[in-house]
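So that you can see what the record holds, here are the features copied from TrEMBL:
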- His34, His39: Zn(2+) binding site (BINDING)
Amino acid sequence: MWQMAAKVRGVPFPRNFLQICKKILCRLFRVFVHVYIHHFDRVIVMGAEAHVNTCYKHFYYFVTEMNLIDRKELEPLKEMTSRMCH
């Protein structure tokens, strides 16, 4: 996996680089889902609500603009996302 991150001049990225990135981003989305569903009360207590929301918005806009996550995968936070990002 670390070989994927090291870009050496003249050595191309692996053929499956995009697939690996998509998988990582999909898993990161699942972390957002977990935080919002199971830990958001603690995020509020810490006063980090705006920070987490901003991170999520940037993440959402990036993955949707670049087509890196299937819309179907984004369903768990669809309602919240529609209020926050549209």
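Think of each number as a place in line: the chain as shown, counted from 1.
Cβ atoms are placed via backbone N, Cα and C, with glycine included.
The Cβ neighbour count for His34 (Zn(2+) binding site), using a 10 Å radius and every protein chain shown, is 12. The number of other Cβ atoms within 10 Å of the Cβ belonging to His39 (Zn(2+) binding site), over all protein chains shown, comes to 12.
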